[in-house]
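According to Swiss-Prot, the feature domain 'MTTase N-terminal' maps to 37-147. Look at Swiss-Prot and you will find C46, C82, C111 tagged as [4Fe-4S] cluster 1 binding site, backed by sequence analysis. Swiss-Prot lists 165-402 with the feature domain 'Radical SAM core', giving sequence analysis as the kind of evidence. Residues annotated as [4Fe-4S] cluster 2 binding site in Swiss-Prot, with sequence analysis given as evidence: C179, C183, C186. As annotated by Swiss-Prot, domain 'TRAM' applies to 405-471, with the evidence given as sequence analysis.
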Amino acid sequence: MTVETFNPKQTTTLETPAKTLEAASADLANAESATGNRIGFVSLGCPKNLVDSERILTQLRIDGYEVTNSYDNADLVIVNTCGFIDAAVEESLDAVREALEENGKVIVTGCLGAKENQIREVHPDVLEITGPHSYEAVLKHVHKYVPKPEHNPFTSLIPQTGVKLTPKHYAYLKISEGCDNRCTFCIIPALRGDLDSRPAGSVLDEAKRLVESGVQEILVVSQDTSAYGKDKGGRTDFWNGMPVKQDITSLARQLGKMGAWVRLHYIYPYPWVDDLIPLMAEGLILPYLDIPMQHASPRILKMMKRPGRVDRQLEAIQRWREICPDLVIRSTFIVGFPGETEEDFEMLLDFLREARLDRVGCFKYSEVEGAVANTIAELISEDVKEDRYHRFMEVQAEISAERLARFVGRTMDILIDDVDEEGAIGRSFADAPEIDGMVFINGETELEPGMLVRAVITHSDEHDLWAELVDADAEDDIEA
């Protein structure tokens with residue numbers, strides 16, 4: 001099975017359609033199995049989709065199937081698709097085509113699966129199609145075409161955390177499905193439905209299992225993380241015999257007590273986001289906010305059906321930084337939205353210059369089938385979108401370099417992700433995996449992934465940091 005890896009430097013958001021590590025898990029590929037009932041798996045899209053893939057893979061292993069990273073050895077291939085933007089749809093259809101050509105027996109699931117007719121039109125030979133988070137339906141179809149093998153569950157035990165496609169030291173924790181917002185450029189509610197929050201006790205149980213298994217960083221994800229619990233109507237859940245309010249602040253507070261890094265993604269700018277900042281200042285959760293703002297022109301924001309008071313957003317950013325000076329803010333924006341004028345775009349650049357955001361990603365508007373935005377105003381030409389994209393990134397590169405430079409000379413905790421012949425590569429609290437920068441510790445080849453080390457930052461650019469390990473005894477002397 002050929003696995004293409006999306007370059008995180010090219011796109012800087014977790015929503016990026018990308019083939020993930022379906023073949024990178026050696027534990028799966030090399031899992032002992034005498035059944036011969038082998039399932040191939042291709043996972044595309046964002047971390048929310050990755051979590052869905054992990055759940056399906058876990059159930060496959062529980063049922064006794066072997067998961068293989070080879071088309072040739074697979075009795076059937078599952079493709080978990082993304083359908084967020086047209087580029088993702090194209091990539092998903094290409095992945096289905098490849099699976100059909102290389103294997104012939106394919107089940108399609110995921111976001112694009114909600115558009116069965118579109119898939120059937122291109123690939124009529126697909127065996128079955130299900131929509132997103134249709135775990136039981138996927139397993140039912142697998143059982144139909146590849147009978148559930150007889151196996152002894154005690155000889156192939158599954159970890160309590162289930163199958164994970166991420167490195168062992170970090171994991172994504174999905175706390176809800178769906179979204180109640182109706183942004184005109186987005187079709188997620190049509191694909192995944194309205195907000196459906198997991199019970200707080202279930203979320204915390206999973207988080208506890210992850211930490212007990214050695215996970216050192218929990219990345220909290222959903223379509224609308226800050227809306228967690230809104231659909232519960234204020235009802236309280238229970239965990240470890242104690243009541244837990246079902247809202248994002250209460251959940252984050254409990255997660256922060258587990259001893260792992262807790263990083264929040266996809267924070268919609270609701271007023272109660274203010275309540276999260278003190279938790280960051282206290283060190284309970286990482287001082288990191290992934291808060292997609294999308295634009296800064298009130299007119300464009302209104303057309304997007306997004307919060308339109310940019311002055312309030314700037315005031316909030318200033319307020320948050322006063323409470324938590326270490327706060328790192330990541331955001332994403334869209335340029336070339338239908339009807340965007342040069343004046344609208346200049347407002348966006350002015351906002352960047354004033355807000356001084358740490359990490360920023362930019363998308364050129366892409367038509368999404370079924371999105372309201374496609375027809376609300378005149379579409380912007382590709383040449384104009386390309387020009388605005390480069391001007392946007394040029395402005396932000398200078399700001400990002402300035403924000404990263406403040407870490408030079410500072411001693412920080414670095415979580416090691418990889419080690420090669422040149423040294424160790426890790427991340428600080430300011431860096432989410434795959435989408436942000438890295439911390440390079442040259443020459444330290446004896447470190448191992450998952451280690452948390454102390455290092456002093458020696459150099460920075462607009463993306464990354466360089467550091468040297470700190471001698472523990474020397475640091476103790478300084479602190480004394």
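We number each residue from 1, going along the chain as drawn.
For all residues, glycine too, the Cβ spot is worked out from N, Cα and C.
Small disclaimer: the values here were computed from a predicted structure and weren't measured.
Where Swiss-Prot records a feature, it is marked here on the structure.
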residue: C46; record: [4Fe-4S] cluster 1 binding site; Cβ neighbours (10 Å): 23
residue: C82; record: [4Fe-4S] cluster 1 binding site; Cβ neighbours (10 Å): 27
residue: C111; record: [4Fe-4S] cluster 1 binding site; Cβ neighbours (10 Å): 29
residue: C179; record: [4Fe-4S] cluster 2 binding site; Cβ neighbours (10 Å): 22
residue: C183; record: [4Fe-4S] cluster 2 binding site; Cβ neighbours (10 Å): 18
residue: C186; record: [4Fe-4S] cluster 2 binding site; Cβ neighbours (10 Å): 23
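Reported as a whole number, the C-alpha separation between C111 ([4Fe-4S] cluster 1 binding site) and C186 ([4Fe-4S] cluster 2 binding site) equals 12 Å.
Taking DSSP states H, G and I as helix and E and B as strand, the domain 'MTTase N-terminal' (37-147) has 55 helix, 23 strand, 33 coil. Spacing of C46 ([4Fe-4S] cluster 1 binding site) relative to C186 ([4Fe-4S] cluster 2 binding site) is 14 Å (Cα to Cα, whole number).
Rounded to the nearest whole angstrom, the C-alpha distance between C82 ([4Fe-4S] cluster 1 binding site) and C186 ([4Fe-4S] cluster 2 binding site) is 13. The average pLDDT for the domain 'TRAM' (405-471) in the predicted structure is 94. Taking the mean position of the Cβ atoms of C179, C183, C186 as the [4Fe-4S] cluster 2 site, the remaining same-chain residues with a Cβ inside 8 Å of that point are N181, R182, F185, I187, I188, P189, Q223, D224.
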